[in-house]
Amino acid sequence: MSAAEEVVAEGHQAVEAVPKRAMTLGTGTSLVVLAALLLVPMFVKNFIIFQMTMLLIYGLAVLALNILTGGSGQFSLGQSAFYAVGAYTSAVLMEHANINYALTIPISATVCFGFGYLFGKPALRLSGVYLALATFALATAMPQLLKLNFLEHWTGGVQGLVVTKPDAPFGLPMSQDTWLYYFTLIVTVAIYLLSVNLLRSRSGRAFMAIRDNEIAASSMGVNVSRYKTLAFGVSAAITGVAGSLGAIAVQFVAPDSYTITLAISLFLGMVVGGVGWLPGSFVGAAFIIFVPNMAESISKGLSGAVFGVLLFLVIYLVPHGARQIAILGQQFAGKLRKN
Amino acid sequence: MELFTNQVLAGIATGAIYACMALAVVMIYQAIDHLNFAQGEMAMFSTFISWQLMQWGVSYWAAFVITLAFSFVAGIAIERILFKPLAKAPVLTNVAGFIALFAIINSSAGLIWDFTIKQYPTPFGSAPFLGSQLISTHQAGMIGVTVLLLLGLYFFFQYTRIGLAMRAAASVPESARLVGINTSWMIALGWGMATAIGSIAGMLIAPVVFLEPNMMGGVLIYGFAAAVLGGLSSPFGAVVGGFLVGVFENLAGTYIPGVGNELKLPIALALIISVLVVKPAGLFGRQIVKRV
């Protein structure tokens, strides 16, 4: 089974090497998925459309973590902090400065890129569990920082801010939810394509070289510290965009929505989807959105335990996440074609 | 100046809790090379077992010993049943497994014993220790037990065959296997010991923070921080780290204006990270030498 094959270069390595070509889906499959995403909202209820919007948003956030961990091999438990910064940037700009929601998204991407890049600087000295602890500290500090008194005028303190949901533009005949879904879909597809291209570019190869062997990468002329901080910046920017979209979709931002629990969910999403496999991010997002609800419906009192058992089942069956299923499917299709 | 000394003393008292937990964290890190996120929940569950035994009329020390044995066996069982199949899976998948274990234990404890806060007895009493208002006899006892545990572990790892075998299995598994050490069982043994130490930590902490399924959340974070600060390869470092974190946290809360209870944790963590930026392997940790 080639899916389970991995290059165990050294014991301390956090992420197994992923073959570069396996990082994306084939063109045909991608188009089918895209068509489904475009057509489904025409036939389902508003609530399901809202859930699909959230799926895309969390998918983006998981994708961002995947670029950081699966791409450059740096582990982060602080993604919820970047998500919060993005969400608050949009909310504050929309509610206090009356800026159009669509314009707030590039702004929050820029703000988050700067934030992530700056955070990546001291994090350069750390790796493995130490980096996990540092990012964890960021995640626990963020809700408290947002509650600070002198920011209360802008952030609304513990109460948070209510965000107005945008109407469909140009008089398009669709509900707010449907419009927001398509808006999110456009942003998601754009970012997905950009990410795929980023990982295929010179910078992407530099990320992966660092992930696979830092010393070898630097002796080949890769500027390790530049690319490591760059990975943090890009990851934070994408997470920030997800945060902005999330704030608009949920119509509400509050410090306690962005705790470490969110960062842990995003991490689980990445593992379930397959570390280093970008399309898997959306599978992982589906897992972290739907499985807790499913667990709740199976047993109210034991929902945590049911969730844990389901998670164990998934990691036993496919320790490499959805990527493993995709590779198996590909081999199966290849065999069928030969016969 | 008196305020300062008092705060340092109070910090040492809370630090004892963190030191205990950090010791358990380092133990399992030594054995399996991962941080076990479910460690705190395992300790909480053990503490509930001992509480239940006492409710049934078992005396404190009998319950203590039974719980210790139970935890040791349970730790080994968890490793054999749940994590041995994941031994070949990527590290991050293992971490996801810890999170799953966390959810399972937390939620089952909530269902069995519900979420109300329970009193937990202490064997040391809670009178002021040596006339000081800040440290109670319980906290002094806790510090004592932590130090004893540390000494015990030191002798176990330095002077017994099995301790040596465990260290070998953790640091170079391939070579250890070649000289005939059963590395797989050494890992299980590490889980058992770590769970047992965790249960001691839980039983000592419960009188202070009260017993409930979420009691370990905060403690575990500080325990991790302490272990990382002291250096994950050193049990001694973990204990020192625990006391330092306790003192840090108290002093930050007292002397930095505008720091309420809420900001104590982020500030303590920020301090630890600043230390790590200067000394990336922790205060007493061994620098990992990479072979090129």
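Each residue, glycine too, has its Cβ placed from N, Cα and C.
The transmembrane segment feature in TrEMBL is assigned to A:22-42, A:48-68, A:99-119, A:126-146, A:179-199, A:230-254, A:260-290, A:302-319.
Between the transmembrane segment (A:126-146) and the transmembrane segment (A:260-290) there are 3 or more Cβ pairs closer than 8 Å, counting only residues 6 or more apart in sequence, so the two stretches are in contact. Segment contact holds for the transmembrane segment (A:260-290) and the transmembrane segment (A:22-42), given three or more CB pairs below 8 angstroms at sequence separation of 6 or more. Here the transmembrane segment (A:179-199) touches the transmembrane segment (A:22-42). Their Cβ atoms form 3 or more pairs under 8 Å, with each pair 6 or more residues apart. Across A:22-42, A:48-68, A:99-119, stretch A:99-119 shows the highest tally of CB pairs under 8 A with the transmembrane segment (A:230-254). Long-range Cβ contacts of the transmembrane segment (A:99-119) within its own chain (Cβ-Cβ under 8 Å, at least 6 residues beyond either end) map to 78, 82, 85-87, 89-90, 93, 138, 166, 183, 187, 229-230, 232-241, 243-245, 248.
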